[in-house]
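Q: Got a structure for you, questions after.
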Amino acid sequence: MLRKGLSRTGRVLAGLALAALVGGAADTPAPLDIAHWRQVFARPDHTPTPGDNPATPEKVALGAKLFEDARLSGAGDVACASCHQAELSFSDGVDRHVGHDGQPLDRRTPPLWNLAWGLSFFWDGRAPSLETQAMVPIENAREMAGNLQTALRALSADPQMRQEFARAFPDDPAVTQANLAKALSAFQRTLVSPETRFDRWVKGDDTALEPDELAGFSLFVGKAGCVACHQGWRFTDEAFHDIGLTSGDKGRGPVLGVGAADHAFKTPSLRERVWSAPYMHDGSLTTFEDVVDHYADRVVQRSTLSADLPRRIALSAGERAQLVAFLNTLSSDDPPRPASLPARTMALGAVADAVSASTISQKDRRFTPGAVILKAGDALRILNDDTRVHNVRLDGPGKSFSSDAQNPGDTVTIGFDQPGHYDVICGIHPEMRLSVDVAQAR
Ligand code: HEC
Ligand code: HEC
């Protein structure tokens, strides 16, 4: 509270000083297209939930309890909430949490806001769903050092728990691994970050942002280039980028087996980050000021840098302060409480009408067309006419494929011999989805 109050005053003063100093700045930015950006950053009115794990109040309540239950850990001393602390944006305030072996973990504890919209989980995206993610920390020797079977036995021995599992899962009233994962995930999907001053501005309140904050937003979507990756109301494209930090962690590369994705990490949301310092996968940057200085002049030059990262951004001290002022408007003034939105069962990602085509384009991080019909025996050509490196992947029953790094200009050809449905994605930009239906050859 105090910290935030001070920084708010500091911001106003900095803004005033700045206006006096740079009154006639040399490079005039393009005028802000307010109507456009208000549309781009509008919040949704419901939370997506997967069809096989619909949210019910009983399930969410059970998940919330399990999230704080140390019986999930080997020694009964660590719960999910030990590292993901509500008052710290479900993070832990340290660069790297000290693990069970007394050594710091490899990566920083990420905040858990707005994961219902996530397409992959962990900094390197190695878990495809919240349900699969939840089991990992329990058995991780350095995190909870637990054993699932032991944890399930401990929970089953508690009559109250048995009853709560039965209420949450009336069709399958048992304390099982699947139900544990479903309850934890259903709870985590309710962690929607609340509206902040920025959202009031998005909804049309022109007075919600101070002039220096609005100037910071202009830089964010303009010459600072931040919006290339931090896009949409959650401020993430769900993609993996190398932004040139000094850390030796290879991130997404080893997960995909694609060297071009080395040092790439999932773009984090920027919501409620005032409460979750320090920043980045290694917790190496302490303040928003450090983050902005990083992008402006500390990027480590290497071949794996994201095509979406501006190579040089000239930002004056005043402009840096404005960017920081804007970042602050994405956080609540008091420790945030989750906002609840009605849940709606839906698949993430738009489903396009399938057309018959043999060549697919990948321009602007989109497969076009997004859905195709083929005949068994046909081949599909996928042309990278984008400016970015892609990694075409297909994982399905009886068929798996990875293109390795597909550079701009490269074409990848996949043959389809068996009828069926296939989903093709880009391993570096998982929001790119191509649905392939292969019909029986006649
Ligand atoms: C010892 C600290 C610790 C505990 C306990 C812990 N986590 Fe985490 N959590 C982490 C760290 C560190 C990461 C990042 C690891 C990585 O990306 O490789 C993480 C990542 C996650 C993520 C991915 C978030 C994202 O943005 O992709 C989720 C979800 C999550 N944890 C949920 C849980 C749940 C549920 C539990 C309890 C079953 C739990 N965590 C227990 C430290 C912890
Ligand atoms: C090329 C894509 C890209 C661009 C452009 C970009 N970011 Fe990021 N941002 C990321 C990724 C990826 C991370 C996490 C990197 C890591 O941990 O290795 C990140 C991390 C952050 C974080 C830390 C969040 C946290 O919780 O740790 C902040 C704050 C941030 N960016 C702000 C900005 C600002 C401000 C700009 C514009 C000056 C910007 N970003 C430009 C991709 C991008």
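FYI, residue positions are counted from 1 along the chain as it appears here.
Using N, Cα and C of the backbone, Cβ positions are placed for all residues, glycine too.
Sharing the feature lines straight out of TrEMBL:
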- 58-185: domain 'Cytochrome c' (DOMAIN)
- 211-331: domain 'Cytochrome c' (DOMAIN)
- 1-19: signal peptide (SIGNAL)
Q: Average pLDDT across the domain 'Cytochrome c' (211-331)?
A: 97
Q: Helix, strand, coil: count each for the residues of the domain 'Cytochrome c' (58-185), based on DSSP.
A: 60 helix, 6 strand, 62 coil
Q: What does DSSP give as the helix, strand and coil breakdown of the domain 'Cytochrome c' (211-331)?
A: 47 helix, 8 strand, 66 coil
